Structures are given as structure tokens and as C-alpha cells.
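Novice: Dropping the structure in here first, questions after.
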Amino acid sequence: MTDTNTARTIVGIIGNVIAFGLFSAPIPTMVKICKMKSVSEFKPDPYVATVLNCMMWTFYGLPFVQPDSLLVITINGAGLVMELVYVVIFFIFATSPVRKRITIAMVIEVIFMAVVVFCTLYFLHTTKQRSMLVGILCIIFNIIMYASPLTVMALVIKTKSVKYMPFFLSLANFMNGAIWIVYACLKFDLYILIPNALGCISGTIQFILYALYYKTTNWSDDDEDKEKSNLNAEIELSQA
């Protein structure tokens, strides 16, 4: 048991490092926004959505919901802080209508999260019941977030070009899913296993698309291509 717990801790730490790298992926975009003092064509939606996702997973990892999940808390807590910083940067440099949308979305997320916390703690009295409710919600939100990479993969098939699907980001997402699958299996956790298994499948499909369309890709370096690639990188965030 001790060996299993040690292995799980080591795997979880590796997962934290990889996931932190994924959460850090938008930093160049944020730097560019600050320099331009404008959000240009970049959208806040991925960051706003990831805030809720991180809040749900952080809550899931708490000892009175799912015991022995400290490493789930650490990475999603860190991710939550980073995503909030990204949202604040967007809010500062966005136009008034975008600011209004961000504000409404964040208020809805906070209210929703408060309702989930209240219902979980007030109506459910065992960690098994609590982890089931919160875990199912986490899975649902992860599946919703997979819609963005699916859109990118559809673009690859349509254009027969992998230009807008960064390879190393796809690799990092695959590795992130794989390491958290191992983590979930060492002390079986279905709610961590399912979304990360889906992430691995998504990464595998992206590798297949690379193999199919790499040779037909026109690797031009114009600014528009770079912007689209950066935008697609933003929406492929993945978490434990």
C-alpha cells in the first residue's frame, strides 16, 4: 500500500508539472495583449470556461469530498489562479460589450459553484456521495470543453492542413491525459479516469491527423496563420 501511495504521489507530481505547462501556454498571448493594450480577435471564452472547470476540480479534491487528492487540489488551484489572471487581463483591455459578457459569465459561474457547494455539503453526508455528484459534474464540464479541440480537428480535415493544430500542445495534452490515467488507476478514481481517457483519445486522433495531413500542409509564416495557431493553442487547455 505504501509503495502504491508513493508511486501515486510521484505520478501526481509529474502530472502537476505537465498540467502547469498547459496552464502556462496562454502566457505569450497575454503578453501580446498587454503590449497591444487590446485583446484584438482573441476570445475570453476558453479562460472563463476553464475557471469554472478548475473550481470544480479543486472542490472535488478537498478531503471532505474526495480524500487523498491533494495533488488534484494543487494543480487545479494553481490553474484557477492563473486563469483568473488571464480573465482580468482580458477584462482590462477588452471593449465594453466584452467586459459585460465576462462579468455576467463570472457571476453565473460563482452562483453555480456556490449552489454546488451548498447542495454537496448540506444534502450529502458521505465522501462517496459527494465525490459522485461533484465527479459527474467535473466529467460533464470536461466533455463540454473537448468541443473546442474537436472544432480544430474538423478544421484540419477540412483544410488538409495541421498548421492550426500545434504539435507540441497536442503532445502535452496526450501526456497529461496519460499520466492522470495512471494516477487514477493506482488508487481507482473513475471521475479522474474518464475525462483523461477521453483526452488521450483526443490526442491520439490528433496524432493520426498529423500523420495524414503533415505533408499536405502549407507552412507559410504570415501573421494571420500565427494568430490562428495561437488562438487554437488557447482552447486546448486540459486539466486533471
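Think of each number as a place in line: the chain as shown, counted from 1.
Every residue gets a Cβ built from N, Cα and C, even glycine.
The following feature annotations were taken from TrEMBL:
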TRANSMEM  6-25  transmembrane segment
TRANSMEM  46-65  transmembrane segment
TRANSMEM  71-94  transmembrane segment
TRANSMEM  106-125  transmembrane segment
TRANSMEM  131-157  transmembrane segment
TRANSMEM  164-184  transmembrane segment
TRANSMEM  190-213  transmembrane segment
Novice: Could you pull out which residues elsewhere in the chain have a CB under 8 Å from any CB of the transmembrane segment (131-157), counting only those six or more residues past its ends?
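Specialist: Those are 46, 49-50, 52-53, 56-57, 59-60, 65-66, 116, 119-120, 124, 164-165, 173, 190-191, 194-195, 198-199, 202, 205-206, 209, 213, 232, 235-239, in sequence order.
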Novice: With Cβ-Cβ distances below 8 Å as the criterion, list the same-chain residues six or more beyond the ends of the transmembrane segment (71-94) that contact it, or say none.
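Specialist: For the transmembrane segment (71-94), the far contacts come to 9, 12-13, 15-16, 19-20, 23-24, 26, 30, 33-34, 36-39, 42, 44, 47-48, 50-51, 54-55, 57-58, 60-62, 102-103, 106, 183, 192, 239-240.
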Novice: Under 8 Å between C-beta atoms and at least six residues away from its ends: which parts of the chain pack against the transmembrane segment (190-213)?
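Specialist: Cβ under 8 Å, 6 or more out: 60, 66, 72, 131-132, 134-136, 138-139, 142-143, 146, 149-150, 153, 156-157, 160-162, 165, 167, 170-171, 173-174, 176-178, 180-181, 183-184, 238, 240.
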